[in-house]
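Copied from TrEMBL, the annotated features are:
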DOMAIN    5-243  domain 'ABC transporter'
TRANSMEM  267-290  transmembrane segment
TRANSMEM  522-545  transmembrane segment
TRANSMEM  566-596  transmembrane segment
TRANSMEM  608-628  transmembrane segment
Amino acid sequence: MGALLSLQQLGKDYPDGDDTVSALAGITLDIAEGEFVALLGPSGCGKSTLMNILGCLDRPSHGRYLVNGRDVATLDGDALATLRRDSFGFVFQRYNLLATASAEDNVALPAIYAGVGRRQRRQKARALLTRLGLGARLTHKPGQLSGGQQQRVSIARALVNDAPVILADEPTGALDSHSGEQVLALLQQLHREGRTIVLITHDLDIARHAGRIVRLRDGRIESDSGAVLRPTLAATVAATPAPLRPAGAVPWLETLHMALGSLRAKLFRTALTLLGVIIGVAAVVTMLAIGDGSKADVLQRISAMGTNLLLVRPGAAGIRPTGEIATLTADDAHAMQGLPNIDGVVPMRSGSATLRVGNRDYQTQQVQGVWPSYGRVKDWTVGRGAFFGDAEERAQAAVIVLGQTVADSLFPGGQDPVGRYVMVSSIPFEVVGVMSSKGANTFGQDQDDVAFVPLSTAQSRLFGGQYVNSITVKIADIGVSGATETMLQQLLRARHGSEDFQLRNTASLVEMITSTQNTLTLLLGSVAAVSLLVGGIGVMNIMLVSVTERTREIGLRMATGARMQAILLQFNVEAVLVCGLGGVIGIVLGLALVWGLRLGGVSVAFSWLPPLLAFGCAFATGCVFGYLPARKAAQLDPVLALAAE
Ligand code: ADP
Ligand code: MG
């Protein structure tokens, strides 16, 4: 059985401009299990450098360092972390406690990385603190403890994983002589219990507490008082060389707990970061709901106009008609009726006219001459009375059906217009019916401001001429509307000998408007997405600041055995937590906004896709923007991290 710690011709160089500075040169030293060694030397002689190498926080530039006969040069980062965790307990001159954690939690920290359960960790930390005389200070934060008490907390932390070796770098450097004596007595006691202690100091009086004094000067060993072995104790410890427990991953729940803890420690900052994400997600949810809502609204109004209708207008496409075009006739409409897949045809001849009842005048937008099939083709029912029939059409009868607006204007106060007479162009028309109310169309026009008369009556008695202004065709099966359209086109071309008409269907109108609306939704969505991105950048910014701020904490976690993976995971989880939480609150806020808008009469369409998408984005943002800072944290050199201010 060789020495527990064995340094062979060990050297450490630091770059100094183009040159290198040799902090350690040719150190050969064996430390046996159970020894209490003091490394004594003036400031700058390389004591801390040596301790960092002994504790596997740093690697030598030359020579070999064997721990329990194993060359550390052969170990990778994770194996070194495991070795640190299981073999060494560090005590630093400046304690290096986590300011936001209680004494108990500080002591328990290394045990997290050793995979010890929460309850057990607590118990152990309490027992150790009680033993070191801090039983009444378990929940105190480091700021509430004296220097000597803080150093005892850090000694308890060094002991929590039962490390066989305690490395103490100037542990009394910042303490008054009384507290210093207490700490030294504690180290001696630990030595008596069988632990190996390496004490670093520049003070001979302190070094005298150790059994063996090794003097260093300018990176070399000046003198060595020689090993003082106490065979009985050393043997008992050496008989059970601690096997390296595999470096297990920190459990998820533990990581989550730690992440929550550090988020809570900076509550205000966390809240501000959250706000960025919340606004982003809420914006996505609300904007998309508004966009979809307005689309659905427009589509619904258009389909109320009838998507199965074809409109035939006179005049060639692209030519702006001047005056009335007289190419389309009622005979064309008759011919169309004979075609297959046609559910109904209604020609229309319209003009504006003044309607009069007694001395009450009403100028309607349109008096339309139509066939009795009008109501069926347009899906428009009569509210009161009846529409005129084929007999009236054949007889050019002076009968009229009023739209609701016209009826209300001419017969105010709830009078029944049916059976009454209305003067149109000095001809008395009998009111036979009143249409049901239809309201405004997509373009805001009042569809009830209209009156219907038989087509034959309109042509011969009101407006003159044998032509019509349009023919509306109702298609039976919308699935083959294309073929029907072609047939209509061929029929009319054959009848007219030229393409002096236009066919328009509402389906193409729907298509056009849908695409416009989609553009709008896309625009709203991208504005929202940008705000989500800004939120994400905020998260990254905060995480980067937090990494810089907590550099020492990261160094400490690594010194106590945290693997790179654990650090990476912790910072990632913090970012993802912020984004995930922000995502959830953002969705709730967004839904509340959508709900409020709906109550306020704005048409919104809610579907689960945008919120899920927004949440997914926020979550992904957390992963992506959390990764860079997390990686930065995980790649920190433990020695430099610990030395950071
Ligand atoms: P001690 O702890 O005995 O006071 P250190 O081990 O801290 O001494 O330093 C030994 C020598 O190595 C000093 O000259 C110091 O300037 C140098 N040194 C220590 N750390 C670094 C570093 N990271 N980069 C460059 N030089 C360093
Ligand atoms: Mg030092």
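A Cβ is built for glycine as well, from the same backbone N, Cα and C atoms used for every other residue.
Between the transmembrane segment (566-596) and the stretches 267-290, 522-545, 608-628, it is 267-290 that has the most C-beta pairs under 8 angstroms. Mean pLDDT for the domain 'ABC transporter' (5-243) in this predicted model: 88. Long-range contacts of the transmembrane segment (267-290) within the same chain: residues 521, 524-525, 527-529, 531-536, 538-539, 542, 578-579, 581-583, 585-587, 589-591, 593-594, 597, 602, 604-606, 610-611, 613-615, 617-618, 621, each at least 6 residues beyond the stretch ends and with a Cβ under 8 Å from a Cβ of the stretch.
Cβ atoms under 8 Å from those of the transmembrane segment (608-628) belong to residues 277, 280-281, 284-285, 288-289, 292, 525, 528-529, 532-533, 535-537, 539-540, 543-544, 571-572, 574-580, 582-584, 586-587, 590-591 of the same chain, restricted to positions at least 6 beyond its ends.
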